[in-house]
Amino acid sequence: MCATPVSPSPESPRSAQAGAAASDAAAQPVIVRWRGLEDYQASFDAMRAFTGSRSFETSDEIWLVEHPPVFTLGQAGDPAHLLAADSGIPLVKVDRGGQITYHGPGQVVGYLLLDLRRRKLMVRELVTRIEQAVIDTLAAYNLAGERKAGAPGIYVSPEQPNAGLHAGAKIAALGLKIRNGCSYHGVSLNVKMDLQPFLAINPCGYAGLETVDMATLGVAAGWDDVAQTLAASLIANIDGIPAAVGLPQAGAITA
């Protein structure tokens, strides 16, 4: 359980200790874990277990994952947005916000396991920072992304020189769950993937919404490169300071 410490009285010697612990915890660097290709259910179960067992001193983490083909439906999602139930792609009902989306090979998924109370960060502000991290990531590859009011995620800007018919297409989706002041789930960015499965759903509940990837817009970068850039952008936007993230090796990489 993600605990928020109870503040003792100013006279108590434990007050300074609690304050120091909170300060130390907030100052801890975000740990980036490269989990690679992983079944969605395994990631989902691991996120819930991590969030349920963390303490106030637990370091925040970002998990970088690539999933085999899967549709996920948010807790208030309408199953009617799955247009082709016979696609052969499994559907997993999850506890994040939002409607239905697709995850598959060639998509970078970043799961944000953050203690928002410790960071004094509101959910709306976290969403804004995640979206800005995606915009910054796209800009690193000379792509222009933009927000749309009332529709979380990032879309191809009409200002993108080679956008053509893809202007307004969705290139990144996000959805979060907050439990006891801690976040899990996160953001997905389409790098180079088979986009056909998106035709079997109303992406994020929007009928006829086009979904695009970076490769379609002329970007030749690989999954690892984009994942590294996205992780650094997420940390920079969440912590407000530049971050360097190493490429995957073994275990965890601390940024």
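Glycine residues also receive a Cβ, built from the backbone N, Cα and C atoms like all the rest.
Keep in mind that what you see is a predicted model, and the values were worked out from it rather than measured.
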Of the residue ranges 1-21, 64-84, 148-168, the one that Swiss-Prot records as region 'Disordered': 1-21
Secondary-structure category, per DSSP, in which R96 (substrate binding site) falls: coil
Tertiary neighbours of Y102 (substrate binding site) (same chain, Cβ under 8 Å, six or more apart): P69, V70, F71, T72, I89, P197, F198, A200, I201, P203, T211
Overall pLDDT for the domain 'BPL/LPL catalytic' (56-242), taken as the rounded mean: 94
